[in-house]
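Visitor: Please read through the structure below; I'll follow up with questions.
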Amino acid sequence: MFKENAKKVETIIKTSEEPQSSRLNGFQRLKECCFIVGVLSSVLLAVALFTFSPADPSWSQTAWGGEIDNAGGLFGAWLADTLFFTFGSLAYPIPFLLAAAAWVICRKRGEDEPIDFMLWGTRLLGLTVLIMTSCGLADINFDDIWYFSSGGVVGDVLSSLALPTLNVLGTTLVLLFLWGAGFTLFTGISWLNIVEWLGDRSLAVLAAIANKFRGSEQETLEPQLDEFVEDKVSTKHVEDDQQDDETLPHLTAYEVEEPKEKAAVHEYPIYMPQAKSETSAVKPTPEPQPQRVAAVNATPTYVEPEPQLKAVSTDNVDPMVERTKQLNVTIEELEAAAQQADDWASEEQTSQSYADTNAVYQEQVQAKHEEVVEHDTPQLESSYAEYAQFAAQQEQQLHVEPTPHEEPVIDTRALDDITDHAEPSEHIEPTISDFDVVDEEETYVAPQPQSRSPEPQPMVQPQSVSQIQPEQAPEPSVAFEPAPQEVEVEEVQDGDQDVAAFQSMVSSAQAKVAATQNPFLMKQEQNLPVPEEPLPTLELLYHPEKRENFIDREALEQVARLVESKLADYKIKADVVGIYPGPVITRFELDLAPGVKVSRISGLSMDLARALSAMAVRVVEVIPGKPYVGLELPNMSRQTVYLSDVISSPQFEQAKSPTTVVLGQDIAGEAVIADIAKMPHVLVAGTTGSGKSVGVNVMILSMLYKASPEDLRFIMIDPKMLELSIYEGIPHLLAEVVTDMKDASNALRWCVGEMERRYKLMSALGVRNVKGFNEKLKMAAEAGHPIHDPFWQEGDSMDTEPPLLEKLPYIVVVVDEFADLMMVVGKKVEELIARLAQKARAAGIHLILATQRPSVDVITGLIKANIPTRVAFTVSTKTDSRTILDQGGAESLLGMGDMLYLPPGSSHTIRVHGAFASDDDVHAVVNNWKARGKPNYIDEIISGDQGPESLLPGEQMESDEEMDPLFDQVVEHVVQSRRGSVSGVQRRFKIGYNRAARIVEQLEAQGIVSAPGHNGNREVLAPAPPKD
């Protein structure tokens, strides 16, 4: 406070002085020139030293005809060589010391500054000692720099003189103490002050750590006036200070005591995941809660504002203390205090008069309250009865059926008679309801007439009586006498009846249209605003609040000891060597004793789960890169991994591929992503409710966050019509979402034809994959030589010239329920999928197959051989886990997105906690893409004809094969017998098996029988002939 005031006064004095001359005198000019020369010299020295080359000619090196690498030229090479030879590696700080010395000497313009020769002499002596001892220490402890000694010739001479006598340790100690003495001589800083400063910093750090662990705020030390304040003054505090002290947490005895030393217990290494967000340990101050005010007192109470400068009793305070406080107050605060004092004087008068008025008002309310309480209950009941009778009569008299769209006209002249019955002496203040104070629950609600007009009009309008509201009971002292009411209804003319009928028809039609356009139904066309961003943003996804992962070390160590004891019960000696807590599970790494097989622990997984009271325990037999066995236990409270957490991770942001997919987080909380282009196909399997469909949606959403329709396209097959139909209308789709399994075969066959077409184009351009194809098209377009379609022929299109080749996007085929597709369409789908899985990688066509029935008749060996990447959610048995992953473990998963990921080219599974995307997240991303454009469907994908390029090996076109002579007879037999098996046709017509099979295939091509199902039977599709 004193320093701020002193600066303020000094500033005022400076502004009152005459302006100084802008010209420099002679001595000032000389000092400024010396400063410029010093800075220039330091820059030249730095350039020469940092660009030194041993090959340059110098004082210690001779060279002829070579180029000089030093940026300072020949002079710089000689200068740097001389400094390195003299001081060694300590030549690098010389330019900085020279610039600092120039600044210190020339920073003041004063001419009449006395020169203290003693001070400058000690500084020069200290600088000399510092340089010599530093060179000596560098020569002893550091390696040589190029062909110079690390301490230069100065350090070499000192070490050669001291080493024979003092040895290395003694020489180092002597030079260190001399260095400390030189530092004090040069800077004038006492080492005692340095030690005190270090001690203060250390204590402050320890106090901060203690407060952080204790969870309390840091103490605020208030300055005390030890010289002036007496003991009796210290007991008096300002009210604000007392309130501040009350808000601070008080440290009790058990919070301050040090914990007692526990017995020596084995500590387990716990590897904590990296915290996502750090929160302050200081708890926020609780906000003041609003006080409840009684309902009787409806007038606000005037609260006098508290002044900023509190008046303290100065009876027992020394006058010096008061003067010290006045010195600490600034001029602005004194002016504000004076202005506020004037305001207080006027406000006191206003508050006094307001208080008097409020007191009179409270007396009136109390008197009126007592008057109401004195009324008996029978009087209240009689008032209710009279009012109910009056309301019933009014309802009977006013009950008239109006014609459509015509409001009844009520004669309001009779209403004036009602108001005359109200006595003017019964006037009550409308602002306060005395009856509500007596009993707020027994409120009478008057019945409302049903045939009134839409706009409510008051039936009774008393001038001196408080208006009766539905929520408020009438005053008991008011009695109404019913009067006959006359209602006049206007006659409806004949011409208006047609208009009313037409309007009713229009309104009914509009009501029907509004019923069909329910806002909760999926609309085909939506007017959505076009986003400005090229890709969807993170604001579309749900962002959970900041979660803190509280990990109890003692609980984890207790579980580790329990694991060791339970394994010991089964005669297995193992030690827990590492604990890795994660968001869903915690992995305990076990070091088995010599001779213990891993198979013994694997067979005890269910027993360990029972002994540890866990849902499931998974044993990781091999941890890559470690000689330990993993034991994965579920956490007591699992965390939800949201899609926004993984998409905002650096792993996903740094990925450049448009086919990047999100899987979730591993056991350490790190994001796990993959690239479908490198998989190149993925098989997803799991039971119902294990998170399989959510995982597929997360994969699709992650690709929508990375790729535009020019880079990626989808073909979606959804037999359940629920999971993938939500993506209908996004511009990434090549065709509508396939829900009919008969159309799914055409879609897969179109993919085979597209794959063959792409292979022909890539072979013509001499590239090996889609990425190289697109890059070559880009290079050709930039060079001004666009590439035309080499396989175009006249008649293929209406163009007269071959069209230009366009960029080929990646195509991802998503099948949500592969088992239903196999069941309906049959084995032909398996052949198409196998062919795509074998060859479609280079063509940029990738498959995502999901099934909830991981059996061998669905996931066949042909499919598993061509789809190396698998994702297994929770399954029922170990057999299903082996069907998917060729190993067990999926039966021990926890469900709700818990999965095992088998990456391509690896036999070790990775446990991943799948990311969660809600329906709102999916709708938000889908609507964002729908607003950007409409899809461009290709009709041939679903309803296209079978082309020759899409046929499987051995297939023939339908037109290339002639009908069998027995075809008509076989059709008649199959339609009548309703059996279309090959063996039945063979026995009935006594032909060979191959001929019968060929005829049945012709029947299938003509749509008479269906394709063979999973059991080999065919269904007769043609209707039966009519019976005579």
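Even glycines carry a Cβ here, placed using N, Cα and C.
Quick paste from Swiss-Prot:
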BINDING   Gly689, Ser690, Gly691, Lys692, Ser693, Val694  ATP binding site
COMPBIAS  447-472  compositional bias 'Low complexity'
DOMAIN    669-882  domain 'FtsK'
REGION    422-479  region 'Disordered'
TOPO_DOM  193-1028  topological domain 'Cytoplasmic'
TRANSMEM  35-55  transmembrane segment
TRANSMEM  85-105  transmembrane segment
TRANSMEM  117-137  transmembrane segment
TRANSMEM  145-165  transmembrane segment
TRANSMEM  172-192  transmembrane segment
Visitor: Which one of these stretches, 35-55, 85-105, 172-192, has the most C-beta pairs shorter than 8 Å to the transmembrane segment (145-165)?
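Guide: Counting Cβ pairs under 8 Å, the winner is 85-105.
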Visitor: Please compute the mean pLDDT of the model over the topological domain 'Cytoplasmic' (193-1028).
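Guide: For the topological domain 'Cytoplasmic' (193-1028), the model's average pLDDT rounds to 72.
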Visitor: Who sits close to Val694 (ATP binding site): which same-chain residues at least 6 apart have their Cβ under 8 Å from its Cβ?
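Guide: The answer is Gly897, Gly914, Phe916, Ala917.
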Visitor: What residue among the binding-site residues Ser690, Ser693 has the most other CB atoms lying within 10 A of its CB?
Guide: Ser690
Visitor: Through the lens of DSSP with three states only, how would you label Lys692 (ATP binding site)?
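Guide: Its secondary structure by DSSP: helix.
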Visitor: Taking the centroid of the Cβ atoms of Gly689, Ser690, Gly691, Lys692, Ser693, Val694 (ATP site), which other same-chain residues have Cβ within 8 Å of it?
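Guide: Apart from the listed residues, the neighbours are Gly686, Thr688, Gly695, Phe873, Met896, Gly897.
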Visitor: Determine which residues of the chain contact the transmembrane segment (35-55) at the Cβ level, with the cut-off under 8 Å and only residues 6 or more beyond its ends counted.
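Guide: Distant contacts of the transmembrane segment (35-55): 61, 63, 66, 68-72, 75-77, 79-81, 83-84, 91-92, 94-96, 98-99, 101-103, 105-106, 146-147.
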Visitor: Within the same chain, where does the transmembrane segment (85-105) have neighbours whose Cβ lies under 8 angstroms from its own Cβ atoms, ignoring anything closer than 6 residues to its ends? I mean 6 or more beyond.
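Guide: Long-range Cβ neighbours of the transmembrane segment (85-105): 31, 34-35, 37-39, 41-43, 45-46, 49-50, 59-60, 131, 134-135, 138-139, 142, 145, 148-155.
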Visitor: What's the number of neighbouring CB atoms sitting within 10 A of the CB on Lys692 (ATP binding site)?
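Guide: The answer is 26 other Cβ atoms.
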Visitor: So what sits near Gly691 (ATP binding site) in its own chain, CB-to-CB under 8 Å and at least six residues off in sequence?
Guide: Phe873, Thr874, Gly895, Met896, Gly897, Asp898, Met899, Gly914
Visitor: Determine the Cβ neighbour count for Gly689 (ATP binding site): the number of other Cβ atoms within 10 Å of its Cβ.
Guide: 12
